[in-house]
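**Q** The structure is given below, and queries will be raised subsequently.
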Amino acid sequence: MAWENQTFNSDFLLLGIFNHSPTHTFLFFLVLAIFSVAFMGNSIMVLLIYLDTQLHTPMYFLLSQLSLMDLMLICTTVPKMAFNYLSGSKSISMAGCATQIFFYISLLGSECFLLAVMSYDRYTAICHPLRYTNLMRPKICGLMTAFSWILGSTDGIIDAVATFSFSYCGSREIAHFCCDFPSLLILSCNDTSIFEEVIFICCIVMLVFPVAIIITSYARVILAVIHMGSGEGRRKAFTTCSSHLMVVGMYYGAGLFMCIQPTSHHSPMQDKMVSVFYTIVTPMLNPLIYSLRNKEVTRALMKILGKGKSGD
């Protein structure tokens, strides 16, 4: 196996996004600011949902899992990128690269499946309100969430192990700010066509299958909302679902854009920009979208800060 012919001392070089020009230095600190907002926002969401018993519902449990995944995702890539930029070092060990690929792919895959579960939750809440507590009881909700983590992690293991079964006999410079398998495949001196097909199949499973569930769920939700007699009920349903659809659109738009193209057609700059969007920008926007458009989250935050009223 090619792995046996490589040592963990054979480091890769992450070329990153930024150089040390004034413009790029400004952009680097902008990314750090976005990271800080994303880190604090998702941490607050997890803590709020854990601490406030009124948020102990399936919808908010799933939202806390999404925030946890986003929190882990940004911590997988940004700290290493920042360390390399500030220290002037570009190296990452093979073990470090394998670990980064595992968490990176696992978390992206897990989010795909979790977003599908969240859409099913909204479907049951709006279309089957009388059966909601039974259909989304804690055991079922926990199992669906666990399967999201397991399926995503399985894909991460496959990609991490398969990617490092190749030999790297030329340049070890990765034209990215993190270890990303399309960038690594370019460096391999093996025929990667079969593995590219495997990647495409994984993308189908991780993206198209969950998207089908989301589209089906929201098609039924829209029909149910149209037939609602109460204007207040329509408004509440629209507000809740539109927040989720905004997140789905941002996340799947970038993911589908990356996956529908063969690896050989990827350009380094294109990969970097799209990756920055769904690994740094989207995790920052998710808690803002849900908190600004959700009175219960806002109330919980005010209560924790001591500004809420106990009778609210």
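Even glycines carry a Cβ here, placed using N, Cα and C.
Feature annotation from Swiss-Prot assigns topological domain 'Extracellular' to 1-25, 80-100, 159-195, 260-272; the stated evidence is sequence analysis. Among the features that Swiss-Prot reports, N-linked glycosylation site is placed at Asn5, with the record citing sequence analysis. Swiss-Prot lists 26-49, 58-79, 101-120, 140-158, 196-219, 237-259, 273-292 with the feature transmembrane segment. The annotation topological domain 'Cytoplasmic' is assigned in Swiss-Prot to 50-57, 121-139, 220-236, 293-311 on the grounds of sequence analysis. Annotated disulfide bond per Swiss-Prot: Cys97-Cys189, in sequence order, evidence recorded as sequence analysis.
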**Q** Tell me which of the disulfide-bonded residues Cys97, Cys189 sits in the most Cβ-dense spot, judged by other Cβ atoms within 10 Å.
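**A** Per the Cβ count, the most surrounded site is Cys97.
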**Q** Is the transmembrane segment (101-120) in contact with the transmembrane segment (196-219), using at least 3 Cβ pairs under 8 Å (sequence separation of 6 or more) as the test?
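**A** When sequence-distant Cβ pairs are counted, the transmembrane segment (101-120) touches the transmembrane segment (196-219), since at least 3 lie under 8 Å.
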**Q** Considering pairs 6 or more residues apart, do the transmembrane segment (26-49) and the transmembrane segment (140-158) have at least three CB pairs under 8 Å?
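**A** Between the transmembrane segment (26-49) and the transmembrane segment (140-158), contact is absent.
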**Q** Taking DSSP three-state, what's Cys189 (disulfide bond) in: helix, strand or coil?
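**A** Note: Cys189 (disulfide bond) is coil by DSSP, not helix or strand.
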**Q** Residues sitting near the topological domain 'Cytoplasmic' (50-57): Cβ under 8 Å, six or more positions beyond its termini, same chain?
**A** 64, 296-297, 300, 303-304
**Q** Would you mind giving the whole-number mean pLDDT across the topological domain 'Extracellular' (260-272)?
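**A** Across the topological domain 'Extracellular' (260-272), the average pLDDT comes out at 61.
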**Q** Are there residues at least six beyond either end of the topological domain 'Extracellular' (80-100) with Cβ under 8 Å to its Cβ atoms? List them, or say none.
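**A** For the topological domain 'Extracellular' (80-100), the list is 6-18, 28, 31-32, 35, 160, 163-164, 174, 177-179, 184.
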